[in-house]
Amino acid sequence: MKSVKIMGTMPPSISLAKAHERISQHWQNPVGELNIGGKRYRIIDNQVLRLNPHSGFSLFREGVGKIFSGKMFNFSIARNLTDTLHAAQKTTSQELRSDIPNALSNLFGAKPQTELPLGWKGEPLSGAPDLEGMRVAETDKFAEGESHISIIETKDKQRLVAKIERSIAEGHLFAELEAYKHIYKTAGKHPNLANVHGMAVVPYGNRKEEALLMDEVDGWRCSDTLRTLADSWKQGKINSEAYWGTIKFIAHRLLDVTNHLAKAGVVHNDIKPGNVVFDRASGEPVVIDLGLHSRSGEQPKGFTESFKAPELGVGNLGASEKSDVFLVVSTLLHCIEGFEKNPEIKPNQGLRFITSEPAHVMDENGYPIHRPGIAGVETAYTRFITDILGVSADSRPDSNEARLHEFLSDGTIDEESAKQILKDTLTGEMSPLSTDVRRITPKKLRELSDLLRTHLSSAATKQLDMGGVLSDLDTMLVALDKAEREGGVDKDQLKSFNSLILKTYRVIEDYVKGREGDTKNSSTEVSPYHRSNFMLSIVEPSLQRIQKHLDQTHSFSDIGSLVRAHKHLETLLEVLVTLSQQGQPVSSETYGFLNRLAEAKITLSQQLNTLQQQQESAKAQLSILINRSGSWADVARQSLQRFDSTRPVVKFGTEQYTAIHRQMMAAHAAITLQEVSEFTDDMRNFTVDSIPLLIQLGRSSLMDEHLVEQREKLRELTTIAERLNRLEREWM
């Protein structure tokens, strides 16, 4: 940026008269020019326009931004010049402006006004609203690259975004509309992609302008949304599970959009925080702005430098679904890490690992200070970022493969919970959590195990505190559920703790029935608590927690949690029935609690049975799929291993080297595909069936260990088949 200079400009003190004279007499010359790194830009009406906007439009914007933010010593020249020209434009008489040749008129944005009437231009898409009686709700709400953005309101109060062309970008809105039409026709509409209606003539100030109309998404951009979400996490308004589960929900939605675009053969090319808007009403993320789209394999019209995939800057590699996947992950990284606070860090550079020094520095109170883009330990999150941003295009997963990554398939929360969290984030209705948000550690589980053993010892001596042990068990169920989701405790320790909990329930049941040890001498006194006190302090909190659990959507990984909750309800019923039989008449309050416990147990049993049946069905499908792979699995595995061991290393350099590398890769791919040619259809059909099943099975630990083994075998076979299926479209 040190080479920036102003060329052909008037002094900062240029008068309005001089500005008028320059406009009228020297229209053929640039009004003001910048020269940045040998590239020329014009200063027009307080805007800087690249003379060739299709060669890195966003790249120049970053550099010029420094001039107008006061970071350059000579920024005042550009500012004063454009302020003066702006004033001259406003005060120039209509007669003078009409004499200005079209070239200069267009330079100042004064393009000829359309003669078409207000309303749709041509046939709008199906479902488009009636524009009769429309009015301008907001003008220039924000500017989007090559467009002005205004909000139009119909007589039915529907708000539409009007994307209006600037003169320098004439024709790009029609191309964008054609892209949406193509997507809708070939792949259909998508709830997380902007809903476009067509081109229309709309009011804009005292003019009429042609605009691309689409539904307004009322909400926040990605950076603001995730920054507020992170603040809620830090303030204890949501816990770690909710925060990361919501991040994963967003990632799944965005990758579903890139997969949808790929089905239509379209690449977005400009997914970034500013082009993802979160709907305040639904909590859903919506991808907008197809202005820089291309067809798969074509060179992109442009991109945002700090987010783009590296292959788009080397040789002649075209845009692809994988470059859009790269954009999704760099966008998420930017928002999660808070890169907007440090513009020198680029999200497409990925995470930087530091092992020679602490990844976090401490403040004066000894608390860690987050350093954006720095990782000191490997986690599923860091592996996800590295597996997509840190590999070449041929090794990068596509949308469906990325969704199968351990980071996105483990520790998820149900969609409705994630959307509610986002809606609360957008409306500012988050309330602090009262629960402990710290992670469950192995030490914590050992402490809880020791507490259970103490209760078991008390039972052996007929001194069991029934209320105390049931209250502790309720707390331990929550802790074990959380530990299983977080994945920070060894699987064997989790299994041991689960067994100890179930054993404690059996001991309580025997104790209540008077069969602990020598049943002939056992006591039937189960608790010093009065019935009412027991129900209010022990039964009620457990019922409320389990009822919330029942209202959620569950996956196979929740079966263990539901089994434990079912056992807890059974034990509470057993204890309460026994208390009710000790001499005094049963009160209406006790009947009420017994009925609520019984109803909750029935509902839980139904949900558990349904989930177990679905798991059995999935297990049967899994077995069938693995058997189907028998005809091709060994041949495909060996062919892929040979391809990986013989293919040349990716070279980055000149166009010539890139072309040579692609030729060599194509040759190796052709040999590999020939080896498995008779199984191509089988493998393609296999992945169509296996990928949805793998998403359903997830990556979390399951109670059925044999099912886990079969699931991982299916995952390996799917990876082999999917990679071979991609070879032709990637290299040939």
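Glycine is no exception: its Cβ is also placed from the backbone N, Cα and C atoms.
Copied over from Swiss-Prot, here are the features:
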type     : residues                                                                       : note
DOMAIN   : 136-408                                                                        : domain 'Protein kinase'
BINDING  : PHE142, ALA143, GLU144, GLY145, GLU146, SER147, HIS148, ILE149, SER150, LYS163 : ATP binding site
ACT_SITE : ASP270                                                                         : active site, proton acceptor
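Taking the C-alpha positions, the distance from HIS148 (ATP binding site) to ASP270 (active site, proton acceptor) comes to 18 Å. Across the structure, the residue listed as 'active site, proton acceptor' and SER150 (ATP binding site) are spaced 21 Å apart at their Cα atoms. For the domain 'Protein kinase' (136-408), the model's average pLDDT works out to 83. A 10 Å cutoff on Cβ-Cβ distances gives HIS148 (ATP binding site) a total of 19 other Cβ atoms nearby, all chains included. Within 10 Å of the C-beta of SER150 (ATP binding site) we count 23 further C-beta atoms, all protein chains included.
Counting Cβ atoms from all protein chains shown, the residue listed as 'active site, proton acceptor' has 26 others lying within 10 Å of its own Cβ.
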